[in-house]
Amino acid sequence: MPSTLEGQITMEKTPSYFVTSHAPKRIHTMARDIKLIIVVRNPVTRAISDYTQTLSKKPEIPTFEVLAFKNRTLGLIDASWSALRIGIYALHLETWMQYFPLAQMHFVSGERLIVDPAGEMGKVQDFLGLKRIVTDKHFYFNKTKGFPCLKKPEDSSTPRCLGKSKGRTHPKIDPDVISRLHKFFKPFNMMFYQMTGQNFEWELEGGSDSRSSQN
């Protein structure tokens, strides 16, 4: 990590940290007072997004339905498949809480980040002890991508939007598979809500098979 001068905040983003078992101990050894920001979304939608990204690079892979089950007839879900395992947030958080208190963690709702980016960014700025500089005027919604884009009100430069790898349309997934996955994740989601003190309301979303990829 680069040296941080007084009055500066150094930030680094690596999604795999949260699901890598040895990362919390290493980060704690490096900087035990660090503040951690974790962006989470409905684990079912996240899994489909993950699959969509992989499919774009490896079109020969099996269908989502095949990969999601050890035995579909018996309803045995393959929780070892990384696309599903990553979404068991409570298990990953347990490891982090062995090294860091919740006060040093901030959880961002991926769903709310799309519909209210300024609101979510306001909470992030509060968590980091920053003045709320980034507000509604810094965002506009890109209907093509289905996500907000960042703009600088003080100049006329082109707004920064998510890259080509983001915003892909999800493949159509069997609604029965989506329903089974929602049931599979529900107890883990409830545990995660209890651990974080936040209700992300993923159970209210129901089945979804065509949302864009934000993975």
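Residue positions begin at 1 at the first shown residue.
In case you wondered, yes, glycine gets a Cβ from its N, Cα and C as well.
Remember, it's a predicted structure, so these values are computed and weren't measured experimentally.
Per TrEMBL, the feature domain 'Sulfotransferase' maps to 18-186.
Thr169 (3'-phosphoadenylyl sulfate binding site) has a Cβ environment of 12 other Cβ atoms inside 10 Å. The 3'-phosphoadenylyl sulfate binding site annotation in TrEMBL covers Arg41, Ser49, Lys166, Gly167, Arg168, Thr169, His170.
Listed in sequence order, Asn142, Lys145, Phe147, Cys149, Leu150 are the same-chain residues six or more apart from Cys161 (disulfide bond) with CB atoms under 8 A from its CB. Among the features that TrEMBL reports, disulfide bond is placed at Cys149-Cys161.
Counting every protein chain shown, the Cβ of His170 (3'-phosphoadenylyl sulfate binding site) has 18 other Cβ atoms within 10 Å.
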